[in-house]
Amino acid sequence: MAGAAAVLEDDSLLSRLDRRLARAERVLALISGVFAFGLMVLAVVSVTGRNGFNEPLPGYVDWIEAFMPLIAILGISYVQRQGGHIRMDIVVGALRGRALWLAEWITTFLILVLMVALVWGSWAHFDRSFDFGAPMWSRDSSIDIGLPIWPAKLVVPIAFAVMCVRLVLQLWGYGRAFVLGLESPVAVPLVQSAAEIAAAEARQVEGRD
Amino acid sequence: TEWNVSLWGKRRAFTEHVHKLAELVEEKTDGEFTMNISYGGLSNNRENLDGISIGAFEMAQFCAGYHPDKNRAITVLELPFMGVSTLEEETAVSHAVYDHPAVTEEMAQWNAKMLMTSPMPQYNIVGTGEPRDELADFDGMRVRATGGLGEAFRAVGAVPTSVTSSEAYQAMEGGVVDTVAFAQHAHLSFGTINEADWWTANLNPGTVNCPVVVNIDAYESLSEDERAALDSSVPEAIDHYLANYGELLARWDSVLEERGVEKVMISEEQLAQFEEVGGAPIQQAWIEEMSGQGLPAQELFDLVKSTLNEQRGTN
Amino acid sequence: MEPIEIGLWVTGGLLVMVVLGMRVAFAAGLAGLLGLVWIFWVRKDYAAEEFGWALSVAVQTAGQVPHSKVSSQALSLIPTFILIGYLAYYAGLTRALFEAAKRWIAWVPGGLAVSTVFATAGFAAVSGASVATAAVFARIAIPEMLKVGYDKRFAAGVVAAGGTLASLIPPSAILVIYAIIVEQDVGKLLLAGFLPGVFSAFVYGALIIGLALTIRGFGPPVSGFTWRERLVALPPALPIVAVVVIIIFFVYNPFGGDAWGTPTEGGAIGAFIVFCMALWRGMRWGELKDALIETAKLSIMIFSIIWGVLIYVRFLGFAQLPDAFSNWITSLDYPPLLILVCILLAYAVLGMFMDAIGMLLLTLPVVYPAVMALNGGEFVSAEQSAFGMNGTMCAIWFGILVVKMAEFCLITPPIGLNCFVVAGVRPDLSVQDVFRGVTPFFIADAVTISLLVAFPGIVLWLPSLA
Ligand code: NA
Ligand code: NA
């Protein structure tokens with residue numbers, strides 16, 4: 001969904017940082033997808049083993065639970081870059097220019113507040129399960145095959161930290177748009193209509209070249 | 001003082017002592033000290049220790065087998081075939097282990113202090129279809145069995161495939177597992193008995209251990225009276241629990257009959273065989289592994305055995 | 001301040017943030033986090049030196065939720081069902097299905113739109129997610145409808161509405177979420193969704209035919225396919241049938257005996273078959289990569305709402321709001337059926353502002369026990385119950401009603417996820433366009449829901465066989 005990313009680009013430092021981060025984010029999203037695929041493979045192996053050889057896969061549930069944060073959270077920043085997290089845009093959709101960028105800046109800032117807190121909280125959650133002195137550094141383990149849980153817990157603060165970087169870039173982008181009064185700023189996902197305008201402009205520019 | 005208490009599932013025999021405790025404490029302090037019991041609202045059932053450690057709530061129940069690495073020392077109580085046969089013995093053994101410094105120290109890492117146990121009878125399994133009444137039938141069986149019980153089943157070729165108790169019914173209904181090992185109250189409360197065709201009456205491989213803990217800071221900031229009220233109510237709460245559970249066990253046969261569940265007896269010979277591979281070898285392996293991790297494993301193991309003997313001597 | 005009052009204030013704040021356009025997942029998470037801070041601080045009587053403690057406890061409590069709530073075997077169904085939908089799209093199965101539907105049914109009035117509805121219904125049988133279904137059919141069906149002169153808004157509306165069928169016709173991620181929240185049997189719920197899903201498809205079809213007959217300049221029927229052309233269109237769509245059969249066997253064995261495994265496993269096997277098909281059709285790494293990234297995006301979007309809302313729900317747990325609500329509902333002195341209808345209407349209103357999954361997650365912990373109590377409790381017999389069905393059947397019936405309501409919300413403004421998705425896939429359409437085009441389907445859904453309330457048998461017949 002939201003197939004075409006409505007994020008504009010140019011040669012500015014902000015846009016270069018945006019694109020560099022976007023490449024990293026895409027890798028993380030791909031890892032999420034690959035593990036979703038892995039979930040499928042795991043199920044195929046489990047079903048085949050169980051029905052074909054009377055050999056259920058040991059720790060099937062443990063492995064699924066270990067995979068899930070990779071699938072469900074790792075690529076969160078990629079989705080944010082593309083404006084893919086859903087929202088109600090009936091109010092922001094009606095705004096234009098500085099009012100729009102101000103509204104975007106405020107809601108983005110609130111997300112940053114949440115994310116910084118969650119980096120802290122999810123790190124603490126990881127930290128409680130991690131112990132340098134213990135075997136496999138583990139102070140929390142899965143039910144059946146005793147997998148250490150800290151790696152899966154670590155995924156969350158990592159993904160959220162990347163998300164924080166993304167949010168800072170977006171705040172920069174919206175702030176710049178607000179200060180300079182831009183029509184179609186770079187490095188931020190644009191509300192559909194604004195994106196259309198920008199695309200139309202781009203096409204016109206191409207036509208004149 | 002108002003305490004938040006984090007439990008899971010719904011009110012059942014397994015949580016009656018907590019309700020009794022809350023009642024007694026409130027009574028003894030003339031309503032000064034109350035407890036707010038929440039079923040699943042405050043935490044995930046596998047994260048009650050985390051919540052205690054954070055200080056999000058003051059009291060919680062958890063099961064050792066849900067996360068062995070969080071509570072290595074008390075996993076001794078979940079070893080299979082330890083020979084505990086009554087709830088009274090289970091209570092005595094648990095509290096003896098809870099008082100051991102190794103346990104106190106480990107719990108202190110979670111800012112937790114052991115308050116009391118939730119003694120449970122031997123776990124037996126329910127399943128659908130043809131009864132699995134021979135060890136050979138356990139080969140390739142996906143059984144919901146945590147901790148040492150899981151190990152025992154693994155020793156005879158089964159594959160422990162576990163979820164927490166709240167998810168067990170779905171796991172059975174949805175085909176994630178073939179059989180579920182539970183104590184009687186849980187088979188009732190979580191509905192696995194409604195889904196079952198048979199129940200093993202005498203497999204008795206062991207049980208799980210689920211203590212109730214309190215947050216140390218909260219405990220220490222209680223007034224003298226409040227703390228006295230709490231501490232003195234534990235034995236009464238446990239007595240209430242035992243009486244209540246006794247009633248449940250007494251009507252168990254009629255529960256089975258009502259739901260058309262076949263009572264499967266496993267032959268002495270098969271049981272002996274199970275104990276041979278699922279008992280001592282797993283206990284020894286546990287002692288070795290935990291000693292390797294620096295726990296006084298042999299000491300804890302012997303403590304269970306000696307308490308058990310003592311308990312039998314006095315009765 | 002009482003915890004319940006804090007609960008109400010924070011809930012109000014959440015609504016304000018959502019209306020102002022904050023991403024829903026994070027608005028819920030932030031509301032929950034701030035609510036937790038408040039509730040811990042109030043316990044220390046707002047002592048200034050205790051604020052740090054309250055903040056730390058709240059942050060750590062909230063910080064557990066994302067990992068702990070997504071690490072669930074049951075929820076692993078969601079990415080699997082999304083993956084299967086995208087793989088089917090890249091394997092060309094969706095197009096084959098649409099082509100077959102077109103050649104067989106497009107001769108009726110409003111032909112292409114009716115074909116689209118039935119193709120989405122067929123695709124629903126392999127896809128577990130409404131939004132994924134809407135996304136793939138926006139790419140396939142809308143261009144065809146535009147070619148023969150349909151109004152672009154109506155074409156988009158057909159796809160957005162047709163997509164909702166995926167959540168009733170099994171497999172369905174949202175039914176699984178319902179089953180998890182209320183701790184009911186996933187298999188029976190999935191079975192129960194089948195007839196209402198097919199029923200909805202027929203109501204949509206009838207509506208379109210009615211519109212085509214009354215409105216001039218509506219898209220023309222597409223006829224002139226020979227029987228030969230119709231027959232050759234069938235084999236390419238057959239793998240869908242194979243996948244459907246497999247998923248059914250994993251949910252419920254029609255020949256008696258145990259199901260073959262879990263719905264998740266069924267979905268995974270189905271996805272694997274579709275994957276092999278796609279490989280055979282020449283899918284390259286580039287396309288697989290696209291399918292995987294699309295799967296990741298949609299999964300992450302859904303899971304973000306799940307954990308965000310669950311932070312808020314954790315706060316509600318500390319605020320004891322659900323208990324208060326439950327007691328209030330059951331103390332009302334009105335006929336149970338009237339209360340049930342009011343609850344469904346409340347879902348329609350709430351659904352205007354929330355997305356389906358968020359809404360279910362947010363409300364069910366409170367509403368479900370109340371509905372069960374209305375019927376006479378979990379273990380009530382059919383004779384003694386208020387709705388004339390036992391506890392299990394009531395749970396299933398209410399589940400299907402609520403999911404149908406949630407699907408209805410997928411196409412209602414201002415937050416109608418399906419319409420957003422269609423607009424996202426088609427840059428030439430704004431969200432407002434899609435909302436306008438989907439309006440007629442509100443009527444169809446209202447009719448369907450009334451019939452499901454009046455005749456519970458449509459829902460309960462299949463699961464009562466299992
Ligand atoms: Na479906
Ligand atoms: Na809506």
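Backbone N, Cα and C define each Cβ position, glycine as well.
All TrEMBL annotations are machine predictions without curation.
Per TrEMBL, the feature transmembrane segment maps to C:6-39 (among others).
The domain 'TRAP C4-dicarboxylate transport system permease DctM subunit' annotation in TrEMBL covers C:12-457.
The transmembrane segment annotation in TrEMBL covers C:74-92 (among others).
The transmembrane segment feature in TrEMBL is assigned to C:112-142 (among others).
The annotation transmembrane segment is assigned in TrEMBL to C:154-181 (among others).
What TrEMBL lists as transmembrane segment is C:201-219 (among others). Packing against the transmembrane segment (C:201-219) from elsewhere in the chain are residues 108-114, 117-118, 120-121, 145, 148-151, 154-155, 158, 161-162, 165, 440-441, 443-445, 447-448: each is 6 or more residues past its ends and has a CB under 8 Å from a CB in it.
Sequence-remote contacts of a segment are chain residues at least 6 beyond its ends whose Cβ falls under 8 Å from one of its Cβ atoms, and for the transmembrane segment (C:231-252) they are 84, 88, 91-93, 96-97, 99-100, 102-104, 122-123, 125-126, 170-171, 186-187, 190-191, 259-263, 265-267, 269-270, 273-274, 277, 466. If you look up TrEMBL, you'll see C:231-252 (among others) marked as transmembrane segment.
Among the features that TrEMBL reports, transmembrane segment is placed at C:264-283 (among others).
Sequence annotations record features per position, and here TrEMBL assigns transmembrane segment to C:295-314 (among others).
According to TrEMBL, the feature transmembrane segment maps to C:334-350 (among others). Within the chain carrying the transmembrane segment (C:334-350), a Cβ under 8 angstroms from the stretch's Cβ atoms is held by residues 359, 363, 367, 370-371, 374-375, 386-387, 398, 401-402, 405-406, 408-409, 412, 449, 453, all 6 or more beyond its ends.
Marked as transmembrane segment by TrEMBL: C:357-375 (among others).
For C:395-425 (among others), the entry in TrEMBL reads transmembrane segment. Long-range Cβ contacts of the transmembrane segment (C:395-425) within its own chain (Cβ-Cβ under 8 Å, at least 6 residues beyond either end) map to 24, 130-131, 134-135, 138-139, 142, 156-157, 159-161, 163-165, 167-168, 172, 174-175, 178-179, 182, 184, 188-189, 192-193, 196, 200, 340, 344, 347-348, 350-357, 359-360, 364, 368, 371-372, 387, 389, 431, 433-435, 438, 441-442, 445, 448-449, 452-453, 456, 459-460, 463.
The annotation transmembrane segment is assigned in TrEMBL to C:437-462 (among others).
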I need to check the long-range neighbours of the transmembrane segment (C:264-283): which residues 6 or more away from its ends have a CB within less than 8 Å of a CB in the stretch?
73-74, 76-77, 80-81, 83-84, 87-88, 90-93, 126, 128, 171, 239, 242-243, 246-251
Counting only pairs 6 or more apart in sequence, are there at least 3 Cβ pairs under 8 Å between the transmembrane segment (C:154-181) and the transmembrane segment (C:437-462)?
yes
Maximum Cβ pairs under 8 Å to the transmembrane segment (C:6-39) - stretch from the list C:74-92, C:112-142, C:295-314:
C:295-314
Predicted model, mean pLDDT over the domain 'TRAP C4-dicarboxylate transport system permease DctM subunit' (C:12-457):
83
